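Noted in TrEMBL for the protein shown:
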- 12-34: transmembrane segment (TRANSMEM)
- 46-67: transmembrane segment (TRANSMEM)
- 73-90: transmembrane segment (TRANSMEM)
- 102-121: transmembrane segment (TRANSMEM)
Amino acid sequence: MNSSEKTAALAIFQMIERLLLIIVVVMTLGGVVFELHSVFVAQRISLADILLMFLYMEVIGMVAVFYSDRRSAAVFPIFIAITALARLIILQGKDMAPENILFEAIAILILTIAAFVMVHLNEVRKGDSYN
């Protein structure tokens, strides 16, 4: 494969990537509209609704970070997973077995450590690229 073929293939993949990101944003905004509609119809806002909005907000933030700084984009799915697990614990904590809550808390801890390591490695790499 010569360099012009590689350039063309890369351009095609980047267009597909951008199209999929636009689809993710549109679907997320659709979820927000649907959730807001259900809140207005029910005339009640619950903690689950608020936490779901945070998940939607993080997905939009992940797409924004992807466009501004691709190196940091890998950390956002970890933040979304942490928020989703915290939401699960908050909403189902009373009905869950204590060991399941412990397992989910350990999963949050592992994800937090992974995010910290990824951010730290990203900062080290940025420092190396400036030297």
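The backbone N, Cα and C atoms fix where each Cβ goes, glycine too.
Relative to the transmembrane segment (46-67), the listed stretch 73-90 leads the set 12-34, 73-90, 102-121 in CB pairs under 8 A. For the transmembrane segment (73-90), same-chain residues at least 6 beyond its ends with a Cβ under 8 Å from one of its own Cβ atoms are 47-48, 51-52, 54-55, 58-59, 61-62, 65-66, 96, 101, 104-105, 107-108, 111-112, 114-115, 118-119, 122.
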